[in-house]
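**Q** What follows is a single structure, and I will ask about it in a moment.
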Amino acid sequence: MNIKKNKKVIIAMSGGVDSSVSAWILKKRQYQVEGLFMKNWEEDDLEGYCNSAQDLFDAEQVCQKLDICLHKINFSLEYWEYVFKNFLNEYQKGKTPNPDILCNKEIKFNMFLKYSIQELKADYIATGHYARIKKINGKYLLLKGIDRNKDQSYFLYTLNSIQLKKILFPIGYLEKNQVRNIAKKIDLKIAEKKDSTGICFIGPKKIKNFLSLYLPEKKGDIVTIFGQVIGKHNGIFHYTLGQRKGLGIGGIKGRYNIPWYVVEKNIEKNTLIVAQGSYNQHLMSIGLIAKNINWINNKLSFPLSCMAKTRYRQKDVACKIESLNNRYIKILFDSPVIAVTPGQSVVFYLSETCIGGGIIQSRLPLL
C-alpha cells in the first residue's frame, strides 16, 4: 500500500510554470492533489499593474489539464494589513523593503498553511519554490535549491521547523530548464510563460509609478559626498543604495565621465548622497546591524561564523554573527560588501542549509 495515496496536498497555484509542474510531480507521486489560487491584491486599485485575472485563467486551465480541483481564496485584506502597510511604512522611512519575504511569512506559509490544514483538511501544502527540505535527526532543515541560479531559500528564512514539517517543494531538486521541459512534455500551454519578476503584485519596472499612487513625492537635493548640490530628486523613496539609473546627473562639468551611484539617503534633510564609481568605498560596508531575527531551528550559540546574503542572488559572503541583545544582532563581514541596504534581508547559511535571517536595520560603513 502506498501511504502517499492517503495524503492530501494543497498546492498553491499561481498560473505559472513552477507551480504547475509542482502539481504534476505531486500527482505522479500519488498524493491526493488539490490546487488553491490566492488573490492577494484587488487589481481595481492598480490601473493595470496586476495580472491576477490572467493568472487565475492559466491556473484553471492547468488544473483542468491535470484533472485536479482548484479552490480560490481572497487574502487581499490580510495582504494589505500585514504586508502592504509595512511595505509603505518602510519606504517612507527611506528603506527598501522586500514584500515578497513578508508575503511568504504572513500569507503563504501562515494563512494559506492554516487554511489548507484546518479548512481543507490537508496533510501538507506545496509551492513552486526552488528550495529543499530535509529531515535530519528529527529536525526539518531548509536547504538551497539544486538550481543555484534560481534558489529561493533567501525568501524563505522566516519559516520554522514546525512549518517545514507540513511543506513540500517538489521542484527544489530540479533545474529551471528541466521544469520547463517537463511542462512542454506534458503539453501545458504555460510552458513558455515568463517568470514573474519584481514585486509580487506590481511586476518589473513599475515601482516608481506605483509608489507615487500611495506616497507623496517630495523633491530634494542630490549632493555629492563632499556636499556639492548637483541635481534634484523627485522623492527619496524612489531610490535605493547602489542605484545608478534614473539619477539624471550625468555629464557634470569638471567631473570625470564616471557613473554616479547612490551611497546614502539622509531622511531628515531629504537629500540623496551620491558618489562616482560602482566600487566606491562609500558604497562598501564592513558589517551591519539586523533586527526581527528568525532562526529556523533552535537558537544558535554566538559568536557564529557562517555565510550570508544581503540580497537575492548575491554570492555568499563569509561573516561572523554576534548577539547584541534579544532584538538585534551584529554581523561583521570577512571582506567589505557592496550596497548593503537597510530594509532588505540578510540571510545566513551553513553550507547548503539556510539557518535563518533578519531585516537589515543599518549598515556599518567602511568609511
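Each Cβ is built from the backbone N, Cα and C atoms, and glycine gets one as well.
Curation does not apply to TrEMBL; its annotations are automatic.
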**Q** Determine which of G94, G128 appears in TrEMBL for the same ATP site as A12, M13, S14, G15, G16, V17, D18, S19, M38.
**A** G128
**Q** Across all the protein chains here, work out how many other Cβ atoms are within 10 Å of the Cβ of C103 (disulfide bond).
**A** 24
**Q** Pop the Cα-Cα gap between C103 (disulfide bond) and S14 (ATP binding site) into the table, whole Å please.
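**A** That separation, Cα to Cα, works out to 14 Å.
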**Q** List nothing but the largest Cα to Cα distance in Å, as a whole number, among the residues A12, M13, S14, G15, G16, V17, D18, S19, M38, G128 that the record says bind ATP.
**A** 16
**Q** Report the same-chain neighbours of D18 (ATP binding site): residues 6+ apart in sequence with Cβ closer than 8 Å to its Cβ, ordered by sequence.
**A** G128, H129, Y130, I171, V179, D195
**Q** Helix, strand or coil for D18 (ATP binding site)? Use DSSP.
**A** helix
**Q** Using DSSP and three states only, what is M38 (ATP binding site)?
**A** strand
